[in-house]
């Protein structure tokens, strides 16, 4: 069994150059706009980062390779799947483009090979990986929503769903309290990032500039919440 697992991992690692080459060809196609290329690369980056966060949590919980793959996959593509179904964008993105699945599998293999003892990692690594994936996916969600409709409000909601959906499924499967339900600022960072993104577009900035403004604003707010334990006032009913 051990040899078979190693063989499978090596096959995934060997497949990495092919997957990366396919992604590169998509991005340098002369007929593809710069904004589309940037969006695709950022989407792949967010997929990989969110997959890492799923692998690290699975490692801390001592899951088997199948459990690791499931947790990484739902984290990386869960939110986007919900978004596409809500927008009627079917078949969903990872069925139309299997590079997403390859990125997840390769990321799982590399993370399991390189990170031997997830329990000994610094406490902040998982939240920071989650924050990076969150920021990227909020931007992706807003952009994709605006392709299918014109409402800024719906775009922001789709951004929040894309960013938070996979993490919620991951935490529920792992029997953890979802990060979005904890006291620290989480969904609020997504909303503010979506507002920055849609406002920049309304002001006439390019899609790339608007996307990056939303991503970085979400990321900075979320990292600040992690560092200084920022939270919103709680609602509590007293007896």
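Note: Cβ is positioned from N, Cα and C throughout, glycine not excepted.
Residues or ranges marked as transmembrane segment by Swiss-Prot: 38-58 (among others). Remote same-chain partners of the transmembrane segment (38-58), defined as residues 6 or more beyond its termini with a Cβ less than 8 Å from a stretch Cβ, comprise 23, 26-27, 67-68, 71-77, 99-100, 103-104, 107-108, 111-112, 115, 118, 121, 125-126, 129-130, 132-133, 136-137, 139-140, 143, 166-167, 170, 174, 176, 207-208, 211, 215.
The annotation transmembrane segment is assigned in Swiss-Prot to 62-82 (among others). Only residues 6 or more beyond the boundaries of the transmembrane segment (62-82), in the same chain, are considered here, and those with a CB under 8 A from a CB of the stretch are 5, 46-48, 50-55, 92-94, 100-101, 103-105, 107-108, 112, 133, 137, 140-141, 161-170, 173-174.
Feature annotation from Swiss-Prot assigns transmembrane segment to 86-106 (among others); the stated evidence is sequence analysis.
According to Swiss-Prot, the transmembrane segment annotation covers 122-142 (among others).
Marked as transmembrane segment by Swiss-Prot: 153-173 (among others). Long-range contacts of the transmembrane segment (153-173) within the same chain, counting only residues at least 6 positions beyond its ends with a Cβ under 8 Å from a Cβ of the stretch, are 50, 53-54, 57, 70-71, 74-83, 86-87, 130, 133-135, 137-142, 144-146, 179-180, 186-187, 190-191, 193-195, 197-198, 214, 218.
The annotation transmembrane segment is assigned in Swiss-Prot to 185-205 (among others). Same-chain neighbours of the transmembrane segment (185-205): 134-135, 138-139, 141-143, 146, 152, 155-156, 159-160, 163-164, 179, 211, 213-215, 217-219, 221-222, 224-225, 230-232, counting only residues six or more beyond its ends whose CB sits under 8 Å from a CB of the stretch.
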